[in-house]
Each structure stands twice: as structure tokens, then as C-alpha cells.
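To keep things clear, I will list the structure first and then write my remarks on it.
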Amino acid sequence: MHRGQGQLFLLPLLAICLGAQGRNQEERLLADLMHDYNPHLRPAQRDSDVVNVSLKLTLTNLISLNEREEALTTNVWIEMQWCDYRLRWDPRDYEGVWVLRVPSTMVWRPDVVLENKSQTYSTNEINLQLSQEEGQTIEWIFIDPEAFTENGEWAIRHRPAKMLLDRAAPAEEAGHQKVVFYLLIQRKPLFYVINTIAPCVLISSVAILIYFLPAKAGGQKCTVAINVLLAQTVFLFLVAKKVPETSQAVPLISKYLTFLLVVTILIVVNAVVVLNVSLRSPHTHSMARRVRQVFLRLLPQLLRMHVRPLAPAAVQDARPRLQNGSSTGWPIPGGEEAALCLPRSEVLFRQRQRNGLVRAALEKLEKGPEPGQSQELYGSLKQAAPAIQACVDACNFIARARRQQSHFDSGNEEWFLVGRVLDRVCFLAMLSLFVCGTAGIFLMAHYNRVPALPFPGDPRPYLPD
């Protein structure tokens, strides 16, 4: 029993001794390697020797792209490999220790920093090159599928890496050689389609619908169009806050919003012009024969518009006359003009007086002349003649007034029909412009894709086999 306990006690003690011996070997190796080691000196046995440094970039996360400041934020691991002859040892001298991990501050490191575009260094001291694995040069940015987090706005299409040499720059300058890592990314359009493009298209469609209002409703049309214009301006302002302030390229979404603004402004101009034409009258404008022929006969047939047929111009200008009256010219007779200026009671009194004289003369003519009353009949007719003449003139005046009003209404209706036809022409023109422009810009976005290969003319895909 006591013997078994002694064996159990010796086993942990043996493990502790071996662990201490293992740590002592690493400490002894570290002490031997760091003896007379200067981390500030380049690991070259001769001054003419060049240290080969292999680079490998591992992308773990594409965080964001600030388009206004043109800054791409990523998480990457930079792996650099080189050979330092001062850190060599024989594992048999240290009981099989093959790997020793030390802090990076204790050894020499190549003065290679990650710049915005490339890795650079002088070729007289360091020779940059891409890493190799399994006999294949890694000409791409490595992505660890287990550690990589996909971005919700941008998709990585190509990730090549190139070793570039600037022949024009001297070899001792830092810009002579560089390793460039490229990221060709493409925006995922769903967010902007739902939050920007679709609302703009719907709002602009409302601006097209104002043509279904009557031609004379120009005020309501302008109100709707200006409201749409303000909404589009808000969207354009929001987009302008995100895009960079550069004149080298204009985003497609800015082009589309500007196009919508132009279409809406043209709709406002069309509404003003149609309203101006619809409110014209014969007193202010005379319609030319060519305008009447084009807008009242030709275009309504082409546009399939139902327009009431109008009388020819010659018939409209005709002025029928009463045969039992005197001249039927446009000027109003002096007596009628004076009568129109009298008070209502005086006018009624004169009308009753004339009606009494005319009625008495007509009754006598109906009964026939009695013997001895011919002179009296002639006197009555002579006395009633001015009243009869005044009645005829009044009838002619009323006919002329009705004819003038009919002519005026016909002229107003013609101008209104011209406004309707012009409104329909503007509607078709703006609808065609809106549809064609929207389709054209969307096709530009469809064909504005990342190329199948990262570099034009270079058939290599820069991806693992």
C-alpha cells in the first residue's frame, strides 16, 4: 500500500522535472540566439546581399467604403516571410526544439508598411516578392472562409495581387518596386433600389399623371409638379451628401435624379403653355388658318381624340340680316343705345307705349277699314310706324348680340380645343421621354458591371486553381 503511494508521488514529480527541463531548453536557446543579436541590423552577411521578403495579405473583413472621402476600411493580416541567418540552430543541440516563438520586437523586421495602395521598399536592401505555397505563387488576396465576414453593401468580385517594378525610378528609391493588392468591388443595389430609385420613379410618375387634369387646370398642374420637384430635390440632396466631390465621374443615380428634375421642369413649362393657350379668346388673339388646320383637324385624327366638328370659318363669319329691317351693321343704333342708358322704369314705360300703338294699328288692320275711317287708319299707321321700326331695330340688335356671343363662344371653344390637343401632345412627348430615359439609364447600370477578368488583356484570373 505504501509502495503504490510512492509511485503515484514520483509520477507528478517526474513530469514537473521534465517540464522544467523543456522550458530550460527554450530559455537556453533564446539566450544563445539573442547573444550579440542586434535587431536594428539587416540580416545580410555582406553589404551587397539582398534580403528576400515574401508578402501575403489575408482579408478578414470588408468593413465599409466612405465614398465621399474615398476611404476603404478593411481588416487584414499581413504575413511576411524572410530568412535571418543569425537565428539558426541545430535542434539536436537543444533536445529537439524545432520552433521558438519570441516577441516581434526582439528580432529584425523589414521596414515595410501598408500604404493606401501598395507596399514599397528599396531594392538595394530588400527584394519584395509574393508568397508561394505548394509551388504556386499567391497572386491574390487570400480570404479565410472561416474568419471572413461578408459586407452587406459591397461584394468582392476580384482580388488580384501584382508585383510591379518602376523602371524609370532608380533602384535605391522606395518607389522602384511595389506589391499592389487590388480589390474590385461592386455595390449590392437592393438597398438603393428600395430606398431611392423606386420612390423617385413613383414620384415622377405622379408628375406624368397631371396631364389627366383638364387643360384649364393649369394652377393645379403646376402645384402638383412643383411638389414633385421639391421631393426630387430632397432625394438629390441626400445622394449628393454621400458621393465624393469630384468632376472625374458622376454616379448613375445622380444622373437619373438630374434627368427626373429636367423632366419635371419641362412638365411645369408645358402646363404653363397649355394654360396660356386655353385661356385665349377672340378679343386677344386671332387664330391662324394653319393653326386651325393642324390642331383642330390633323392632330385630333392622329391622336384619336373626339373633337366636336366645327363650322367652317366662312360660315362662322357670315352675318345674316333681317329682311324687314334696315341696316344690320355691328354698330348699335342711337335710339337703342339711348334706351339702354335709361332707367328700367322708363324703358318699360316706353315699351308699353310702343306696344299699345302697334296693337291698336294691328287691330284696325285686322277688322278692315270702315267707311270714312281710311284717313284715321292711315294716321294710326303713320303714328305707329316709328314704333314698328324701333321693334325691328331692337330685334336686329338682339340677333346681332346673340350672334356676337355665339361667335365669341365658338372662338373660346376653339382655343380650348387647341389647348387640349397641345396638352395631349405634351403628355405623349413627356411620357416617351420619361420611359426612354429611365430605360436608358437602367440599361447603363445593367451593363456597368465589373469585368470578367480583373485586368483587360490579361487572361489570368488571379485566383487559386
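Note: Cβ is positioned from N, Cα and C throughout, glycine not excepted.
Note that TrEMBL annotation is computational and uncurated.
Residues or ranges marked as signal peptide by TrEMBL: 1-22.
Residues or ranges marked as domain 'Neurotransmitter-gated ion-channel ligand-binding' in TrEMBL: 26-119.
If you look up TrEMBL, you'll see 190-212 (among others) marked as transmembrane segment. With a cut-off of 8 Å between Cβ atoms, the residues of this chain six or more beyond the transmembrane segment (190-212) that come close are 153, 220-221, 224-225, 228-229, 231-232, 235, 238-239, 253, 256-257, 260, 263-264, 267, 271, 423-424, 426-427, 430-431, 434, 438.
Here TrEMBL flags 196-442 as domain 'Neurotransmitter-gated ion-channel transmembrane'.
Feature annotation from TrEMBL assigns transmembrane segment to 224-244 (among others).
The feature transmembrane segment is assigned by TrEMBL to 256-279 (among others). Packing against the transmembrane segment (256-279) from elsewhere in the chain are residues 197, 200, 204, 207-208, 210, 215-216, 218-219, 221-222, 225-226, 228-229, 232-233, 235-236, 239, 415-416, 418-420, 422-423, 426, 430, 433-434, 437-438, 441: each is 6 or more residues past its ends and has a CB under 8 Å from a CB in it.
The transmembrane segment annotation in TrEMBL covers 425-447 (among others).
A Cβ distance under 8 Å defines the sequence-distant neighbours of the transmembrane segment (425-447), meaning residues of its chain 6+ beyond its ends; these are 189, 201, 204-205, 208, 211, 252, 255-256, 259, 263, 266-267, 270, 273-274, 299, 303.
Looking just at the domain 'Neurotransmitter-gated ion-channel ligand-binding' (26-119), the mean pLDDT is 84.
Same-chain residues lying 6 or more positions outside the transmembrane segment (224-244) and placing a CB less than 8 Å from one of its CB atoms are 67-70, 196, 199-200, 203-204, 206-207, 210, 251, 253-254, 257-258, 260-261, 264-265, 267-268, 271.
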